[in-house]
Amino acid sequence: MEDSRLSIIKVPQRLRAINRAFTLIRLIPMLALLYYRVSSLIFSHKSISVFPWILISISELIVGFLWLLDQSFAWQPISRAVFPENISKELPPIDVYICTADPEKEPVLNVMNTVVSSMSLDYPPEKLNVYLSDDAGSPITLCAIKAAALFAKSWIPFCRKHKLMTCSPELYFDILKTDQPKQGNEFLVEEKEIKEKYNVLKEQVENAGRNKTPPTKDRPSHIEIIHDDYEMNVRSDDLTNMPRLVYVAREKRHDEPHHYKAGALNTLLRVSGVMSNSPYILVLDCDMYCNDPSSARQAMCFHLDTMITKSLAFVQFPQRFYKLSKNDIYDSQLRTVFKRLWQGMDGIQGPVLSGTGFYLKRRALYGGLTQEKGWKSTYLYPPRPAFLGCPPTNMNDALVQGMKWMSELFRMSISKFSPFTYGLTSRMPILQSMCYGYFMLSPLYCIPMSLSAMVPQLCLLSGTTVYPKVSDPWFIWFVIYFTGGICHHLFDVFNTGESFNVWWNEMRMWWIKCVTCNIFGCLDAIMNIIGIKKRELKLTNKAVDKDELEKYKKGNFELQGGKIFLVPLVILVLLNIVSFIGGIVRVVTQGSFDEMFGQVFLSFFISILNYPIIKEMVTRKKNATA
Ligand SMILES: O=c1ccn([C@@H]2O[C@H](COP(=O)(O)OP(=O)(O)O[C@H]3O[C@H](CO)[C@@H](O)[C@H](O)[C@H]3O)[C@@H](O)[C@H]2O)c(=O)[nH]1
Ligand SMILES: [Mn+2]
């Protein structure tokens, strides 16, 4: 019985117990601190400066509230494993959707790698249909997809014959050379041949790219079947049959909203509805190479399981990245999201749809995919990444992306889908509402993080205290609260098999995002809402600059191109250095260690956390003056 299961759930009991203990350990000091803040303000015998005190109290209140919501993710984390070899039912057809929007920012060769790798999925080819939506309607992409289809005719049999795992040619030849599973003369000869064919494809794509035509704002739709074995009646054998490949550029009119990716997906739904109408859909961004041909079968371990399929809307895979530097300074692996938040949500009702890398049941879309209709989701974090994307390699790209999210989340938090209206009226279970609430309100972290990097420091410079003295009995609560948080994070990082360095990088990047992306995201949303600024979704840049990549690999930040975006970061970092130095001088000359310790420590902490940023600023300054 046990071995015929398609999937299992792992409930990490120890982790759950430790998480809950940490929640308790921090809840008590948090309440104590809030009491201390309010009571000092009301009954204070001490001379406190009211204004900074209130600002700090507000910060701590917001942090406390968001922290409370955040505990919902740590309450019931689970993980899953699947056994595709146990599938005995007939596999259902799948439509693959790939969206691209701009041949400049999204290199066409990479898009073709996504296309080719998805065509190479280990799935019956007559049950796989790949649709590429080209929102630029670019002749370059159309030309490239034809060349890619030709290349796939050799590539797919090569992958199938040798059972290759890495089915994106770019990854296969360029990055994962070490991944080559086969040896032997025959294989090496074939590999050489296929490499030459890939070089031809590269050349063809490059040539197509040379003849740049500016995108037209108005155009009719263009739908073209690029390859269809069954229509062409070229029934050959199991090794050479290919999935159907379709190119779709939807109609666009400059005065009509096109709804970005959502609009593109809607078009694909309608087009594929007529052509193949498969019951399952795999949604991919143009930079998400399929990296494990078995991902479709893995997803089917849930969709074909009679115990869960009825209410299962989609199976979400995490977004993982190639070319990640060992020292992941931009925290691109998003460990917290994919190993903590998503697994936490999976234990409650399943993760939210994260835009790419999921196998969706078409039927779940009829009448709207909402939780009230009882739809659920599952999450799979397999050992081998199912899909691989391209990480940002400079601060600007890491920012732009974060800001987009923050802006949209903030808009949502004050829309009719806000956790306060939607969560309460839809009678969502409490833990679930907390999860959604956390996502939507997390942009607000910008307030406490900026205030706590500014107010105590300015007060330190002017000699005002905002924390209790070290000798004050209340001080210990601050210590427990602060170190409790640090320890919980550290435990979580170690528990997911990561190092001390990851913990430090995550903390820095989280802080940086709070004082940049979150601030600008909130401002952007507010300006949209009051109508000063038009809402625009900026595409993330996927073209990697060679020098930038080098710098990234060495673990150095690239601040160029950030402009206004980095202003708050630079100001806050400088302020903390100045106030740390000023604070030390004051403590030494006035002997005020007891009352000033908290503030000196905070300035010190923020300064050392941002050491790589300081280093980069100094290097840039030097280079500029040299
Ligand atoms: O008008 C548009 C704009 C974008 N896209 C495509 O949408 C995808 C995602 O855009 P990208 O700029 O790469 O956004 P990211 O910040 O990387 O996107 C993350 O966040 C988005 C939600 O904000 C999700 O939809 C994405 O799947 C997720 O990867 C890409 O394939 C684009 O080509 C279109 O098809 N049409
Ligand atoms: Mn992307």
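Cβ coordinates come from backbone N, Cα and C, glycine included.
Together with Lys105, Glu106, TrEMBL lists one candidate of Asp70, Asp122, Asp135 for binding UDP-alpha-D-glucose, that being Asp135. Distance between Cα atoms for Lys105 (UDP-alpha-D-glucose binding site) and Lys261 (Mn(2+) binding site): 15 Å, as a whole number.
Here the binding-site residues are Lys105, Lys261; the one with the fewest Cβ atoms within 10 Å of its Cβ is Lys105. Of all residue pairs in Lys105, Glu106, Asp135, the annotated binders of UDP-alpha-D-glucose, the farthest apart have Cα atoms separated by 13 Å. With a cut-off of under 6 Å between the Cβ and any atom of ligand 1, the binding-site residues Lys105, Asp135, Asp285 reduce to Asp135, Asp285.
For Asp285 (Mn(2+) binding site) paired with Glu106 (UDP-alpha-D-glucose binding site), the C-alpha to C-alpha distance reads 10 Å. A straight line from the CA of Asp135 (UDP-alpha-D-glucose binding site) to the CA of Lys261 (Mn(2+) binding site) spans 9 Å. Taking the mean position of the Cβ atoms of Lys105, Glu106, Asp135 as the UDP-alpha-D-glucose site, the remaining residues of that chain whose Cβ falls within 8 Å of it are Thr100, Ala101, Asp102, Pro103, Glu104, Ala136, Cys286, Leu539, Lys542. Other Cβ atoms within 10 Å of the Cβ of Asp135 (UDP-alpha-D-glucose binding site) number 24 in total over all chains. Where the transmembrane segment (447-467) meets the stretches 21-38, 474-491, 596-614, the count of C-beta pairs under 8 angstroms peaks at 596-614.
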